[in-house]
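Feature annotation from TrEMBL assigns domain 'CARD' to 1-90. Annotation comment: TrEMBL describes 650-691, 739-780, 875-916, 999-1040, 1040-1085, 1086-1127, 1128-1169 as repeat 'WD'.
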Amino acid sequence: MEEGARSCLLQSRSSLEQDIRASYLMDHMISDGVLTGDEEDRIRSKPTRREQAAALLELLLRKDNQAYISFYNALVRESYGDLASLLHNSLPLRLGSTHGTYSVAVLSEGGVPQRPVVFVSRPALMNRVREKLYRLQKEPGWVTVFGMAGSGKSVLAAEAVRDHALITECFPGGVHWLSIGQLDRSDLLVRIQSLCFRLEQQSQEKDPSSSLHRPPGSLEEAKERLRFLMLRRYPRSLLILDDIWDSSVLKAFDIQCRVLLTTRDRSLAECVSGSEVAVESGLEEGQALEILALYVNRKPQRLPEQARSIVRECKGSPLVVSLIGALLREFPDRWAYYLHTLQQKKFKRIRKSSSYDYDALDQAMAASIQVLSKEHRELYIDLTVLEKDVKVPAKVLSVLWDLEPEEVEDVLQDFVNKSLLFRDCHHRPYLYYLHDLQLDFLAEMNRSGLESLHTKVVRQYQQRYSQGPPTSGDEECLYWFRFLTYHMAKANLTQELYSLMFSLDWVRTKAQIMGPAHLINDYLEYSTILDKENSEVRGHFQEFLSLNGHQLEQRPFPDVVQLALSQPDSSEVYRQALLQAQERATRGGLYLDWVNKSSLKSLSRLVVQPHQGSIYSACFSHDGTKIASCGSSKTLRVFKSTSGEKLLEIQAHDDEVLCCAFSPDDRLLATCSSDRKVKVWNVERGTLMRMFEDEHEEQVNHCQFTNTRRRLLLATCSNDKFMNTKLWNINKPSSQNTMFGHLEPVNHCCFSPDDAYLSTSSSDGTLKLWEVSSANEWKSIDVADMFSEQREQTEVMVKCSTWSAGGRTIICAARNAVFVFDVETAAMLLEIRTSRLSTVQYCHACPSSNLVAIALSHYAVELWDIETSKKMADCSGHLSWVHGVQFSPDGSLLLSCSDDQTVRVWETNKVHTSSAVCLKRDSDVLFNNGDITVVAADNRNRLQVRNGRTGAVMFQSENQESRICCTAICSQTSAVGLGREDGTIQVLEMPSGTSLATLQGHTRAVLHCQFTPEGHTLITSSEDTTIRVWRWRTGECVVLEGHKEQVRCFSLLTTTPSSETHLLSWSFDGTIKVWDMSSGERLQDLVCHQGAVLACDVSPDGQLFATTSADKTAKVWSSASWECVRLLNGHQDCVRSCRFSWDGRRLATGDDNGEIRLWNVKDGTLLKICSRDNKDAMDSLHGGWVTDLHFSPDNTVLLSTGGYIKWWNVEKGEALQTFYPTGANLKRIHVSPDFSTFVTIDNIGILYILKKVE
């Protein structure tokens, strides 16, 4: 033995003698051939456990390196992990020159399990496996070993690689074993992390210059790390994946290496290229008798006659033979009893279709349980409540049994030793699970007591966690969050289930730990039970999660109480949130109530954020249960249409994925991409079935399968000049037909309902119909002719087409219009013109009605009835261009996908039946003795004045001739001013709407208007570079000229209470100018920045003013000397906003990257940077530009707007609260003098009046 190994044994001797049971370890060492039977007998002859341990160690010190490694592995197998860790660093690197010791070292380092104590060789099978493995000598590939559970696949795989010639010739890089089992995505990541760590650790031991890396954070990263290790550090090595259950797991190991996998599912062999070996379900009689003989330490010829009967009775099942053998080792005189038990305990088959020998296993199970002590038998029966394929940590059973964890582990060890329970040793702490058949047997045996068993689980949980659920995030915590509702439902504890699932606390905690999809699934799964109590409340919680799921996926985790305060006042979710907010407010918490939300109804049924990036295409499966989506992230994702729960994710292409489509039977998915490839995927397995990469030479824009299963074809279209539309038989390597006719890119293709025709929409301005059978052009419609008045100016691009349900009409989109044509005559039947400021991105006809859905570039989805030519609904909610819409096959649902990274699902019959009125963001607000008045233009170009308490419309003007650009309220008189795009200013009396003045003078759009405090003067600025000071009642005007570019804003400047008020203006020309408003004289002209001046703020005492610019700087100026006194550098993007604190000591600045900086005005030092570490999915720290800033009167809180609204602790620079509007890109926010009410409008026109919860 190497000196280092011997020294380590001596140093650890006292710890080992104190803890180990030599009898447990010697079985393993005998099977490894490092210990003889005589040596075992001598050690067993020692009277005490400690003396036996001392004797084993004394013997071990006289042996070689192989004995050290065998002893180490025995410690690992018998769960002495802490003791094994003492020996790990001294494991010998060289075992000598013998072939056997070299192989043992390779297999031990790779984690290959030791040969079982009771082992029977199956040479024919083993040679078949080795023959397949030898084929991997020259190139990577897969070998699949499949058979029923308990058939000995794992033992066979381990034995097959226990061959020196095979290792040295085929796998000199080593053999690496990884047990998989049934895993979710997170568990699989942990497994691969563990494997990577082991490989890197071994590599570092051999090459100290190599370094350990941090654990990979995602499956994709883990896959790449493993690929690197296997190809670079362990070339020509073998990876053994034991017990694969799911084809999706294989994707993580598709890394171009040599793989041997074991599975009970033969279909997995079809998912990978390579060879396969089938393992018979039963042993031959001689082999089975040999196993029984080894268990009872007899020769097979000397076994009693009952042994053959037992083998015949269980049909040679290796698992059953092992179970009976383990029992007989403890009670060797019970042959007749166990045979009788097997013959008498006849349980009916639970699953007739199962590949398992159920009768035999059930009988063995009954016999096995009988040998347990009464106490342990009762504990084992409690395991009936476990779900199939679920592994539980000992801590869960500690709660169930009310025992100390150590006692639980002892009980579980007993179950494992008797083959009544399985232990996942590759997870720490260990996880335990029952085989499906064991669970089925227990459920059958305890059918009448199932309800009480589940009740026991719930009661024990309630006793242990009476103060609240566990939040550790460990395996025990995850178990309770996943299965507590299941146990309550099975126990028929309906009141407890109501209380739990109708609790906002439970929703918050479970969503934070497991995500919202699990919760939504719970409300769907238990809806029948919950609806008996209150279906309305169940709907409240389900709707809250469905519409806010994309927020609940964000990290840092949002404040659920604040999110819930945006629910309707009638919602139980809102009621609970308000109570919690009020209670927290008494302890200094900050919460905002959206007081005018009652006027809004949500249209979406579900909001999902499946990708990090724009989503270009999304589609329903033909059964309506799944949605597939793809986009700029290059991935394809499939998720449940009810909850958004992810079912499949594939890194599909090397560039943006432009379209995805289900086959008629939903078994296949086609994708096409900017990388010019078309791919067809198996949905269930997530594997690539076919790739067409040679025929399209430009990006492929669209793909679609035929609608019926009669003859499956795939159509694709591309940006190719001539051969841009193709039909494919997916079983053939090349296209079946090419349609010639379009001379410009084809943007979209679509089969008619009966698959007889294919429509194509092209950038050449035409819509063509083709006969599918012949690929001949049938009809061509010149859509560009519909824009004859504009055709000379720009080309007309036909974006897409869709067939009506009966196939008699076809609908296509171009520019801002949708046209309906008769298929037979090609005559136009209807024209739908949308907003002139928007383009139609996509359209889709409902398969069950006359509705057509239209996706628009101005963030909206519209529904039109093509029979009545009426717009039926505006679906608002997206925050950017909408790229696609599609109805579900039955027409009840509509999905839409957008650049805002979300897919929204709408209920067709619940969307609004009239166009929603929305407001423009340029608004003004008057706070007056508790009253709030809001004035803004709406989307129909009317001026609206609303009551800020209720959101009710107090006044609404007629449609204006020119677009309203800005508004202002006069605080002294009941007058409202508005500035228009044509340069006209109007002053209207409220609430009558009488015109008090029409002011002409500006030659271009009026960008900002503001009344002076006394109300007699109205100041306006314009794109025409001028500012005008109006005595608006008389029409007198002073023109302030001097800026060279548009003047977007201005401010009044009063340096002392007694001094005259001057006007401060700023412009994109980089200057600040100071004006005498009475004479129009320019008092100062300051060149402030190298870029456009974007914002300016005057300090409360008027002594200073600050400017911010596109040049990424902010400056502080003196109003006395007109000189720059502070230059503030540090922002990495345009500085868009600034605000002085009320005491003038601090200045806040915000930039286009969402960063907010707090500065000391006195010396210009940086005090805090807000939001530095919390970059969100929209690639900004604030969800967008920081557009407005406000300090509270006491200067302790800072308010900011961007993509959302945030409140900050000024002293700490930490966020106090965040309000997420439905839309985004907030332009400004109005704040009441007492800092308790906040008013803003988002980019989809929703008005928010937020009141602090007291």
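Cβ coordinates are placed from backbone N, Cα and C, and glycine is handled just like the others.
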Checking distant contacts: for the repeat 'WD' (1128-1169), what same-chain residues at least six beyond its ends satisfy Cβ-Cβ under 8 A?
1091, 1094-1101, 1103-1104, 1106-1110, 1112-1116, 1175, 1180-1191, 1193-1195, 1198, 1200, 1202-1203, 1208, 1210, 1212-1213
DSSP helix/strand/coil residue counts for the repeat 'WD' (1040-1085):
0 helix, 21 strand, 25 coil
Composition by DSSP (helix, strand, coil) of residues within the repeat 'WD' (1128-1169):
0 helix, 22 strand, 20 coil
Could you tell me what the rest of the chain brings near the repeat 'WD' (739-780), counting residues at least six beyond its ends with Cβ under 8 Å?
698, 701-708, 710-711, 713, 715-727, 791, 795-803, 805-807, 810, 812-814, 821, 823, 826
Going by DSSP assignments with H, G and I as helix and E and B as strand, what are the residue counts for the repeat 'WD' (875-916)?
3 helix, 18 strand, 21 coil
Could you break down the residues of the domain 'CARD' (1-90) into DSSP helix, strand and coil, giving a count for each?
67 helix, 0 strand, 23 coil
Quick one: DSSP breakdown of the repeat 'WD' (1086-1127) into helix, strand and coil?
0 helix, 23 strand, 19 coil
For the repeat 'WD' (650-691), how many residues does DSSP put in helix, in strand and in coil?
0 helix, 24 strand, 18 coil
